[in-house]
Ligand code: LIP
């Protein structure tokens, strides 16, 4: 099995690096975009081209593999996770950043087999940050091993957090209440505008935890493998096991911090993918 995963990973990595060139042409920002579910949920032609490059390349090499791609699902495709090898892809995670030229956008590619994350690639081609992990083989930034922080207390923790891409009133209310809670109780809040890169900051040990309500499987599949291989935990924000289709995630360097956050956060339950 691990030989296959190495082969799958190497093929994906080569395609991700190629697709990254489509993003780096827009250092000042990709000003042409369309709206999806709200006026802050954007998609560009590059999102679609990157996803097409990855899915075509991987399905040519591995015809029996399945795909969950953000833009394919957005265009009406199935969002179905089976036991088959499934690539869970966000072609440009942080599309709002990409449009504005804020250099924190990435290609996020996760591989799940039997519904378990076995490989993750998160690549920010603008800043040349390549986060990678394979199950049981550790997590890396540009080929160097990375490890989560050992922070166990919220009062000393730096938490990454997002405002999201929907203006749903109930979600907003929970998001703002949680923002205030974390600011009052912790060391501070940071918001990169990309779930995948927020999770990589946890894997790097630069942030102590990340949580979000409203993300999708493609935002977190790769980051979950990278955080876990860096020694961290990825769970449901209420403390139970992570369900990548629940649109809820909590990643942390330690179980203790994760559980304290789970007891502290105001919960929100989006409609599942
Ligand atoms: C984004 C996520 C981010 C979240 C946004 C959006 P996109 O992904 O990475 O964490 O807050 O709502 O979903 O839409 O840029 O691929």
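Keep in mind that glycine also has a Cβ here, set from the backbone N, Cα and C atoms.
If you look up TrEMBL, you'll see 70, 219 marked as Mg(2+) 1 binding site. If you look up TrEMBL, you'll see 90, 93 marked as Mg(2+) 2 binding site.
Positions of TrEMBL features highlighted on the structure.
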{"residue": "70", "record": "Mg(2+) 1 binding site", "DSSP class": "helix"}
{"residue": "90", "record": "Mg(2+) 2 binding site", "DSSP class": "strand"}
{"residue": "219", "record": "Mg(2+) 1 binding site", "DSSP class": "helix"}
Whole-number Å distance between the CA of residue 93 (Mg(2+) 2 binding site) and the CA of residue 219 (Mg(2+) 1 binding site)?
7
Which one of these binding-site residues has the most other Cβ atoms within 10 Å of its own Cβ: 93, 219?
93
Using the structure shown, find which entry in 70, 90 (the binding-site residues) has the sparsest Cβ neighbourhood within 10 Å.
70
Roughly how many Å lie between the Cα atoms of residue 70 (Mg(2+) 1 binding site) and residue 90 (Mg(2+) 2 binding site), rounded to a whole value?
5
Please report the distance from the Cα of residue 90 (Mg(2+) 2 binding site) to the Cα of residue 219 (Mg(2+) 1 binding site), rounded to the nearest angstrom.
6
